[in-house]
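Trainee: Okay, so TrEMBL annotates it like this:
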COILED    114-141  coiled coil
TRANSMEM  277-295  transmembrane segment
TRANSMEM  307-328  transmembrane segment
TRANSMEM  334-352  transmembrane segment
TRANSMEM  357-377  transmembrane segment
TRANSMEM  383-401  transmembrane segment
TRANSMEM  413-430  transmembrane segment
TRANSMEM  442-465  transmembrane segment
DOMAIN    494-649  domain 'HD/PDEase'
Amino acid sequence: MMRQVQSKMGYRRFAMLMSVLIGAMLYVFFLQHVTEETYDVQLFQLADETIRASKTVEDPIRTELERQRAAEDVPQSYQFHEEIARNQSTVIESFFTYILDIKEPLPGEPETKVNTSETMLTALREQLRTLEAEQAELRLTDSMLLALLEQPEAVLQRVSGYLQEQVDTSLKEPVRETEVQDVQDAIEQRIRENNTVPAAIVQPAVMIGRAGIIPTETVDEELTAAQREQARLSVEPTRILQGQVLVQDGQVIDREVYRQLELAGLTDQQNSYVPRLGLLLFVLVLTVLLILAVSRTEKDERRKIDALFVTATVLLLTLIIMQLISTVEGEFDVTIAFLFPAALGGMIAVLLTDERIAVLITAVTAASAGLMLISSYAGMLQAYIVLYVLFGGLAGIYLVRPEDRGSRLLQKSLLVSAVNVLFVGFYLLVNQSQHGIMEVAYYIGAAFASGLLSGALAVGLLPLFESAFGILSTLRLVELSNPNHPLLRRILTETPGTYHHSVMVANLADAACEEIGANGLLARVGSYYHDIGKTIHPVFFIENQVNMRNPHDTIEPEKSRDIILAHSPDGAAVLKQYKMPQEIIDIAAQHHGTSLLKFFYFKAKEQDPDVNEKDYRYIGPKPQTKETAVISLADSVEAAVRSMKEPSPEKIRNLVNAIVEDKVKDGQLDDCDLTLHELKIVKRVFCETLNGIFHSRIEYPKD
């Protein structure tokens, strides 16, 4: 089927088609896991089911409330003003100095000044206004001021010193606005209890002492604001966590619950296209990288198509299994995700293509697991499942060999199970969650079963892949190379010379194909079977003529022509009868292309100069693949060198060059994609291999 697709579409169109199909497939499977399920909920109604948040989102309202609360919890910062404390005793000293100045004129003042009570009060009031401007609130009545003016100078000085001392003592420690009243009451009590203050001026002394107590520690607004802002910023955003229960079944949906549902995007009124756009970009990049990687991994177009078919089909299979697990996951437990056959895709890819394609498939499978498996749980658990699938897949790739089959493949799957169990052990230890014995047993059991399930599915699905898509796996080629295969035994017993020739051709073709990046194993196996048609008339081929007369000497050239030319289509018919892979059948049918049977053509031409050259050419078709073309060249080269009497490196090189040049001129390589550079490599490998084979028979020149 793939060969028909290749011939009709060409690889580029086929790759574009597969890109669209793979991209669409990934998008469809991923879509429901990146778009939130919405619910038809109404305010103040009962919830029909328990609703969990499908993603982690920040709650801005709760975050702001928490930040405000944190800022309010920060106490105000205060600043102590030592200069204010020092200034208060100075104010008291100045007040009493004013009184003394008013009581007695200063030296140099006019003697005519009359210090009556009225003039003294007026002068003292003027001075008090100056002091009050300096924040000393001295609310003294006229009687209090007169009482002070009537006191002797010595008494006033003693009281002034005492009050300054009391104020200084009270203001040594910071005094806040809220503490002023208590400090004033304390200083008043001490003044009233002091016997050195005359009774006549106790009350004004109390008023002066209380006025001296003012706040010396004030709020530092700038520092307080900075500390509160820092406290706000230190509060982590409040989040609604993925998997968090927002409303229980039967719970009333109040305004706060409805707000959280809206915030999580779970109401029917919300339908964001952002996740869909993001998914589209993700799938686009993933698909392009995947197709480019497959294209660069394989050189041969036929193998590229095989790889694309395997990639698309294996991805589809793994996505279906993931979807099934995701569907039943909610009904059971998260441990069921570890039952996913992580190594399945890698195993099938190794058996059908090669390790490089298998690694690509495993990488995409792991990325898919992160989206599809346990998507309703926290992101860290999703990261673990991605690593689990990646490690399990890589274990399957590097433990399984392309030639593994049945029981051998199942044995390898036990090793994959061991790797899975080791990873689960790592997960349980790192996770730091408390797990019971039964829960641990479930995890280990699921991981172990995952490896076995991968192997069992690979064994069962491999024949379906080969038959449905016509993919010739390495395993199938290894089976066909077994000497006990009925057709190989037939060649060996009926045409031993042909068997030996086929083995020699296989060695040449295998080595050359490996050098140019073609399928060496296919070339080897195809070489084993390419001359199966000779078993119908074995003695008419020279390699099988041992101790006997050549039968062609007794028949007409036309009869010889028919027998020789028929071995290619006859071989293809035999291979079809045994249901051999199409690639092997094509090699048998195409390995001579439409080349000319020169010996019998010229023999017939001697009898009839008008003989038609076309009648002595193989019916073809010409080689369509690199492997068939290389086998065609190896077939001609091996037969020619075998007939060489005294082979030498120079003779072999000249013969190889001549045969290849003849094939090129005859147009036998026109339908395959062998380049001139690759032909140069093929010729070099042929010469090296033949020199090694005929080493003991080659006589090298002496120095």
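Each Cβ is built from the backbone N, Cα and C atoms, and glycine gets one as well.
Can you tell me where each of these features sits in this structure?
Mentor: Counting only same-chain residues 6+ beyond the ends of the transmembrane segment (307-328), those with a CB under 8 A from a CB of the stretch are 2, 14-15, 18, 21-22, 25-26, 29, 33, 290-291, 294, 297-298, 336-337, 339-341, 344-345, 348-349, 352-353, 357, 360-361, 364-365, 368-369, 372-373, 375, 461, 465, 469, 471.
Same-chain residues lying 6 or more positions outside the transmembrane segment (357-377) and placing a CB less than 8 Å from one of its CB atoms are 26, 29-30, 33-34, 52, 54, 242-243, 286, 290, 293-294, 297-298, 307, 310-311, 314-315, 318-319, 322-323, 325-326, 329-330, 334, 337, 340, 342, 345-347, 349-350, 383, 385-390, 393-394, 396-397.
Remote same-chain partners of the transmembrane segment (383-401), defined as residues 6 or more beyond its termini with a Cβ less than 8 Å from a stretch Cβ, comprise 337-338, 340, 342-347, 349-351, 355, 358-359, 361-363, 365-367, 369-370, 373-374, 409, 412-413, 415-416, 419-420, 423-424, 427, 431, 447, 450-451, 454, 458.
Long-range neighbours of the transmembrane segment (413-430) within the same chain, counting only residues 6 or more positions beyond its ends whose Cβ lies under 8 Å from a Cβ of the stretch, are 338, 342-343, 347, 384, 387-388, 391-392, 395-396, 399, 440, 443-444, 446-452, 454-456, 458.
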Trainee: Please indicate, using numbers and ranges, the residues of the same chain that are 6 or more beyond the transmembrane segment (442-465) and have a C-beta under 8 Å from a C-beta there.
Mentor: 310, 313, 317, 333, 335-344, 347-348, 351-352, 388, 392, 395-396, 400, 405-406, 409-410, 412-421, 423-425, 427-428, 435, 471, 473, 475
Trainee: What residues elsewhere in the chain lie close to the transmembrane segment (334-352), defined as a C-beta under 8 angstroms and at least 6 residues from its ends?
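Mentor: For the transmembrane segment (334-352), the far contacts come to 306, 310-311, 314-315, 317-318, 321-322, 325, 328, 358-359, 361-362, 365, 369, 373-374, 377, 381, 385, 388-397, 400-402, 404, 409, 413, 416, 420, 424, 439, 442-443, 446-447, 449-451, 453-455, 457-458, 461-462, 465-466, 471, 473-475.
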Trainee: Can you name the far-off residues of the same chain, 6+ from the ends of the transmembrane segment (277-295), with a Cβ under 8 Å from a Cβ of it?
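Mentor: Answer is 15, 18-19, 22-23, 26-27, 30-31, 34, 304, 307-308, 311, 357, 360, 364, 367.
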